[in-house]
Amino acid sequence: EFNGSFYQPSAFLMMGIPGLEALHHWISIPFCALYLIALLGNCLILFIIKKTQSLHEPMYYFLSMLAVTDLGLALCTLPTTLGIFWFNIRRIGFDACLTQMYFIHILSFIESSVLLAMAFDRFIAISHPLRHPSLLTKATVMKIGLAIILRGVVSLLPIPFLLKRLTYCGKTELSHSFCFHPDIMNLACADIKVNVFYGMVILLSTVGTDFIFIVLSYILIIKTVIGLGTREECLKALNTCVSHICAVLVFFIPMIGLSMIHRFGKNVPPLANTVVAYTYLIIPPALNPVIYSIKSSHIREALLRALRRKSG
């Protein structure tokens with residue numbers, strides 16, 4: 001059926017949690033809680049920043065971008081993940097799968113870039129506090145946001161077309177409850193060297209570069225902080241970075257892990273692959289608003305004021 005002829009499946013079958021299919025209804029409870037926290041938490045962050053005039057500054061504009069990106073990531077995976085857990089709906093159309101995959105990857109790349117922009121903001125605020133307002137104006141922040149979106153959209157635009165040109169075998173079962181580029185690519189019978197090469201180049205030139213510059217930003221921040229003099233000043237400066245460091249670790253560690261598993265982890269148990277995938281796509285959107293609400297005194301105070309007004 002597939003010898004020398006072009007074949008494209010009409011749909012793929014998604015996987016829930018391998019070996020735990022009988023427990024999907026129970027497993028859906030923590031997933032629902034995480035999605036609820038992600039949706040409500042990020043909406044709350046956006047509402048507080050919009051309504052609080054004192055938070056209309058670069059740090060919180062970038063936090064708004066992060067919240068919007070996290071909302072997008074949560075909404076991208078929610079229908080298919082809960083569809084499997086609640087109703088055992090495993091089938092997803094070929095084009096629908098490519099669309100979901102495209103948006104998941106775009107939003108992941110945007111999140112990486114926003115985290116880099118936040119690191120740059122922290123570096124300017126600590127190293128050049130007097131120049132910070134003039135360097136990062138509202139117009140500059142908007143231009144950075146637009147550049148981040150354009151980079152994600154343009155760099156990933158060829159991916160769906162590279163997948164559509166491939167001939168696929170009879171196997172249509174994906175490894176996750178969402179569509180992921182390496183996962184779809186590995187179901188093809190054709191030569192996928194172009195897909196592998198392009199995927200690696202784009203990943204290293206965007207997310208890889210972002211991570212390197214984030215690390216460099218923190219090396220420069222630490223260098224500046226050490227020169228501040230007193231221990232109290234050092235701790236105060238570093239305390240403004242704690243939330244961002246947590247967000248960086250929560251995002252990059254599982255993302256790197258999932259990329260390594262898909263490319264090199266042929267003998268990794270399916271359950272480990274699934275856990276890392278869910279950690280990568282569901283945990284950051286749920287944890288980021290919690291991290292910033294706990295660690296940022298300005299967000300926390302604005303939230304408490306809003307709650308007092310509502311109760312009053």
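Heads up, the Cβ atoms here are built off N, Cα and C, so glycines get one too.
Feature list (source: TrEMBL):
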DOMAIN    41-292  domain 'G-protein coupled receptors family 1 profile'
TRANSMEM  23-49  transmembrane segment
TRANSMEM  61-89  transmembrane segment
TRANSMEM  101-120  transmembrane segment
TRANSMEM  141-163  transmembrane segment
TRANSMEM  196-221  transmembrane segment
TRANSMEM  242-263  transmembrane segment
TRANSMEM  275-294  transmembrane segment
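Comparison of 23-49, 101-120, 141-163, 242-263, 275-294 by number of C-beta pairs under 8 angstroms to the transmembrane segment (61-89) places 23-49 first. Across the domain 'G-protein coupled receptors family 1 profile' (41-292), mean pLDDT in this model comes to 91.
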